[in-house]
Amino acid sequence: MSKQPNPTEQSQMAGSDTLDRGNSNAKLEQLDQFREDATGEALTTNTGVRIADNQNSLRAGERGPTLMEDFIMREKLTHFDHERIPERVVHARGSAAHGYFEVTDPATDLTCANFLSEAGKRTPVFVRFSTVQGPRGSADTVRDVRGFAVKFYTEEGNFDLVGNNMPVFFIQDAIKFPDFVHAVKPEPHNEIPTGASAHDTFWDFVSLTPESAHMVLWTMSDRAIPIAYRSMQGFGVHSFRLINAEGQSKLVKFHWRPKAGVCSLVWDEAQKLAGKDPDFHRRGLWEDIERGLYPEWELGLQVMDEEDAQSFGFDLLDPTKLVPEELVPVRVVGRMVLNRNPDNFFAETEQAAFHIGHVVPGIDFSNDPLLQGRLFSYTDTQLLRLGGPNFNEIPINRPLCPFHNNQRDAPHRQQINRGRASYEPNSIDGNWPRETPPAPSAGGYASYPEPVHGTKIRVRSPSFADHFSQATMFWRSMSETEQQHIVDAYSFELSKVERLYIRERQVKEILAHIDPLLALRVAQNLGIDLDSTETPTLEGKAQVSPALSQMNLLPGDIRGRRVAILLTPGCKADEVGSLKKMLESAGAVAKLLAPSAAALKDSDGQPMQPDGSFATEPSITVDAVFVPGGEYVLKALQDDGVAKHYLLEAYKHLKPIALSGDATQLAVMLGLQEDDGMLCGDAFDPLYMRFETALKQHRIWAREARAKSIPA
Ligand code: HDE
């Protein structure tokens, strides 16, 4: 029998696993008072009565019926029956972490928001990443937009920046959101497909809704299959408003720029991961934080004058448009580091209530009609999900600063409000709590006094009418490789659409207006006849924004990259040791993998314990593969189908592969042609240098055409 940990060991394990995560901050300290640790404690009911028997219900005789009187069982089952709350109607699948935001360049010229006021000032944050379409238990790696929601616990109240990993959106007006979501969600008759947009109702809606063209193009790009949360950009999408101490206002777009660069999966990998590791992104975030490889982003601002709202050739209030960085550069004001995992998924991640209307003095809204609608929807959804208006009292949602008002009662009220007057004005309690004069003088929230007048109408502004120019710009800003992936994605998705007229409409009515060549390439894959006279020409639409291509957004280092080291009996101990050391000193993760989970003997005859096996950590979960030399490496791998598939698949997915010493013979055996990332060598040091260079590029795109013939 295996050895069970004794109570002291157990308590130490519990301590290291759940309690002492380090990296505390003011929010985490506030949460401490709600944390519960049962190690060493008696089992009790919810009213604190110690339980003597948790194995048997109370019954009348050994074989008799259970008694109603069994309050212990009744309480336990009742609580269990009520464990679930409604999942988020969109963005149900997600994962979150704690961390901090630190100002690097104070933005006092732009805003009186206190958390942006001083270099070095830190504000605790809680950040939740999500997919949009799938339910809570769906796979992480599906083709979808990713949510990027940040809650700043500032000294002036919570500020939630509820954004996505793409800078634009599908629709221009909030009234269309339920239509869009109904179209993309699994179809109502059979609830298929889960976590995918490759079905009739989605393409029906978007092919009839030209304003979606730009965003759909983003979702057909590699941005929709990120390799990790740490490798995603984030965007506030809408134009917001910043107000400074003088009361001056500017329009602003928020940007998160990942330190890890922007990298994606390849489509085949994304699909396979959905089965082999549906928690791939969640696991990556968790493990990186546990390892101390803290994900980090810069916060940037694009600042625009209100008078320029329409001078860029599009309307800054239109959420289907982005502001090219070449036109308005991004000013970096701070950085965000995620350095601590939650203790309890439900209490923290699931109960986190983000709301675009949670703003602080110095930050205000624009008239973007999508943003305006969101201001309603987020409170409404929390009322249902979290069961009433006291959701701000749930520990994860509580502000760090005190809050007082005359709102009272409702389900699950935590605060015990003292005093007799819960109205204002009052003379009984000295009229407390009182108003604060507006910011900047004293810190009360003041909306920007924008003059507003108009006729009550339901119309779309003509300045929102151009749906294609920016889609064209995005398409033309892509590298050839990225364009090919976009063509492949449209072809894949539309091939799954049953109704041929919907496929045709998307190609002829939408793609042809983005770029005739894009339409033609997709049309060819679908067997659609595209008469070149039908396709519009795109005079004057040649604008390009290099900042949009993720090929230009690589990090230049290998921090956080995962490298599989394939061990075989007799593998060179010194090589494995140096490799592990060099990778780890560069911030990469070295994973020792063996044919099985059992330890094997290295070249020194010493046991080497693997971190996993080829089967438990398949090639799709790593960024690169290294096979160290060793006397028996060929013998061990040549008859091992799993190992051979490992290398073939890594090669197909354009990953750097290094074969050292005797392992080099595997290249010929498997038909892996040498290139910038398919590396063979006898001397370890130069081989490692070339491997690291290849790893910085992440994928060997030049191999893509050749890799198509690999049967993996
Ligand atoms: Fe959301 N959105 N949304 N959304 N959204 C929700 O709120 C909604 C939009 C975004 O991790 C819901 O608490 C409407 C744009 C994120 O908890 C709901 C409209 C952007 C998250 C809701 C939009 C987003 C949500 C569902 C159109 C990017 C997850 C659960 C007017 C800028 C936050 C919830 C988290 C969640 C409504 C459009 C981002 C129903 C009505 C545009 C990241 O309130």
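Cβ coordinates come from backbone N, Cα and C, glycine included.
Keep in mind that this is a model prediction, so the values were computed, not measured.
Noted in TrEMBL for the protein shown:
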ACT_SITE  HIS91  active site
ACT_SITE  ASN164  active site
BINDING   ARG88, ARG128, PHE177, ARG374, TYR378, ARG385  heme binding site
COMPBIAS  1-27  compositional bias 'Polar residues'
DOMAIN    44-432  domain 'Catalase core'
REGION    1-30  region 'Disordered'
REGION    409-447  region 'Disordered'
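Sorted by the number of other CB atoms within 10 A, the recorded positions ARG88, HIS91, ARG374, ARG385 start with ARG385, the lowest.
In terms of DSSP helix, strand and coil, the region 'Disordered' (409-447) has 0 helix, 2 strand, 37 coil.
A coil conformation is recorded for ARG88 (heme binding site) in the three-state DSSP classification, outside any helix or strand. Reported as a whole number, the C-alpha separation between ARG374 (heme binding site) and ASN164 (active site) equals 14 Å. DSSP assigns ARG385 (heme binding site) to a helical segment in the three-state reduction.
Looking at ARG128 (heme binding site) and ASN164 (active site), their Cα atoms lie 11 Å from each other.
The DSSP secondary structure for TYR378 (heme binding site) is helix. The Cβ neighbour count for PHE177 (heme binding site), using a 10 Å radius and every protein chain shown, is 17.
Long-range Cβ proximity for TYR378 (heme binding site), meaning a same-chain Cβ under 8 A and a gap of 6 or more residues, is found for VAL162, ALA353, PHE354, HIS355, ILE356, GLY357. For the pair formed by PHE177 (heme binding site) and ASN164 (active site), distance between Cα atoms is given as 15 Å, rounded to the nearest Å.
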